[in-house]
């Protein structure tokens, strides 16, 4: 292996989905449509929350941050893929690949953290409604969101620096449409034990904390809802967390298929297709889930559209 320390390589090649020109044209159109819908939908949710003072509550503060994370998340991977299809190239620079890895890990973990924080918010709202305003103070909300951003920025930086310390062999082809950590580790010609150990410890710990927060919060939520005597009261209580539960199921369900399925039953093609679900489809569906199942969001959207019609010439 001497003389083959290739950490200074200039680029990787993202194999993506297909090399057939006709299939690439179809993929370009599909992903461009999904990307535009995702960014527009999430930015619209943020705009609605900012402009409607009635939505200036902890729940919608967290939702605005989740929408921002979704818009950034999809912007980390899809634009580069679209650009490569457009210029008929599979190349991504070494620094560009590490930069993509950094932001991908930042936003995927940030999404998990924010969903856990939102579950805690719903727990307090349903299980301790009389103390909700006192517990979910503006200071605590800002702290929870700021801590999520900072912790995940540092967590992503750690993994990116460790990846940069590896040497890569002659094969620079990544069987994926973006620079994910597992495909990159498989290309290393040096022992990635340290990287894998850090992934196991930090990734396992942060993932466990998020999942436990979700499980504990929703266990208490469902327990409280079942104790409500009237059916109308149960429906009203469940409606406050139904949208969030749908998003949680979609995000964690699809990401589970990529990272927790035994390697013996996985393939690069299956992982790539499954990755589309939580990197592209989930961020695209989130605004629709919240707008269709949330009466306050729908009402604010109607008011925003009505105001624009009134002021339009």
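The backbone N, Cα and C atoms fix where each Cβ goes, glycine too.
Using a 10 Å Cβ-Cβ cutoff, residue 189 (disulfide bond) registers 16 neighbours. DSSP assigns residue 189 (disulfide bond) to coil in the three-state reduction, outside any helix or strand. Under the heading disulfide bond, Swiss-Prot lists 97-189, citing sequence analysis as support.
The annotation N-linked glycosylation site is assigned in Swiss-Prot to 5.
Residues annotated as topological domain 'Extracellular' in Swiss-Prot, with sequence analysis given as evidence: 1-25 (among others).
Residues 64, 296-297, 300, 303-304 of the same chain lie 6 or more positions beyond the ends of the topological domain 'Cytoplasmic' (50-57) yet place their CB under 8 Å from a CB of it. The topological domain 'Cytoplasmic' annotation in Swiss-Prot covers 50-57 (among others).
Annotation comment: Swiss-Prot describes 80-100 (among others) as topological domain 'Extracellular'. Taking H, G and I as helix, E and B as strand and the rest as coil, DSSP gives the topological domain 'Extracellular' (80-100) the counts 14 helix, 3 strand, 4 coil.
Per Swiss-Prot, the feature topological domain 'Cytoplasmic' maps to 121-140 (among others). If one looks beyond the topological domain 'Cytoplasmic' (121-140) by at least 6 residues along the same chain, the residues whose Cβ comes under 8 Å of a Cβ in the stretch are 58-59, 62, 216-218, 220-221, 224-225, 237, 240-241, 244.
Away from its own ends, the topological domain 'Extracellular' (159-196) comes close to residues 1, 4-7, 9, 11-17, 76-77, 80-81, 92, 97-98, 100-102, 104-105, 202, 259, 268-269, 271-272, 275-276, 279 of its chain (Cβ-Cβ under 8 Å, at least six residues beyond either end). Swiss-Prot lists 159-196 (among others) with the feature topological domain 'Extracellular'.
Here the topological domain 'Cytoplasmic' (220-236) has long-range neighbours at 122-123, 126-127, meaning same-chain residues at least 6 beyond its ends whose C-beta is under 8 angstroms from one of its own. Feature annotation from Swiss-Prot assigns topological domain 'Cytoplasmic' to 220-236 (among others).
Marked as topological domain 'Extracellular' by Swiss-Prot: 260-272 (among others).
Positions annotated as topological domain 'Cytoplasmic' by Swiss-Prot: 293-313 (among others).
Same-chain neighbours of the transmembrane segment (26-49): 16-18, 55-56, 60-61, 63-64, 67-68, 70-71, 74-75, 78-79, 81-82, 85-86, 280-281, 283-284, 286-288, 290-291, 297, 300-301, 304, counting only residues six or more beyond its ends whose CB sits under 8 Å from a CB of the stretch. What Swiss-Prot records for 26-49 (among others) is transmembrane segment.
Feature annotation from Swiss-Prot assigns transmembrane segment to 58-79 (among others).
The annotation transmembrane segment is assigned in Swiss-Prot to 101-120 (among others) on the grounds of sequence analysis. Within the same chain, residues 59, 62-63, 65-66, 69-70, 72-73, 76-77, 144-145, 148-149, 151-153, 155-157, 159-160, 163, 178-181, 184, 206-207, 209-210, 213-214, 217-218, 241, 244, 247-248, 251-252, 255, 278-279 sit at least 6 positions outside the transmembrane segment (101-120) and bring their C-beta atoms closer than 8 Å to a C-beta of that stretch.
The transmembrane segment annotation in Swiss-Prot covers 141-158 (among others), and the record cites sequence analysis as its basis.
Sequence-remote contacts of a segment are chain residues at least 6 beyond its ends whose Cβ falls under 8 Å from one of its Cβ atoms, and for the transmembrane segment (197-219) they are 109, 112-113, 115-117, 119-120, 122-123, 151, 155, 158-159, 162, 181, 241, 245, 248, 252. Residues annotated as transmembrane segment in Swiss-Prot: 197-219 (among others).
Residues of the same chain lying 6 or more positions beyond the ends of the transmembrane segment (237-259) and with a Cβ under 8 Å from any Cβ of it are 66, 108, 111-112, 115, 118-119, 122, 125-126, 182, 211, 214, 218, 221, 224-225, 228, 271, 274-275, 277-278, 281-282, 285-286, 289-290, 293-295. The transmembrane segment annotation in Swiss-Prot covers 237-259 (among others), and the record cites sequence analysis as its basis.
With a cut-off of 8 Å between Cβ atoms, the residues of this chain six or more beyond the transmembrane segment (141-158) that come close are 58, 61-62, 65, 101-103, 105-106, 109-110, 113-114, 117, 198, 202, 206.
Below 8 angstroms of C-beta separation, residues 8-16, 24, 27-28, 31-32, 35, 160, 163-164, 174, 177-179, 184 of the same chain, each at least six residues beyond the ends of the topological domain 'Extracellular' (80-100), sit close to that stretch. Counting only same-chain residues six or more apart in sequence, the Cβ atoms lying under 8 angstroms from the Cβ of residue 97 (disulfide bond) belong to 11, 12, 174, 179, 184.
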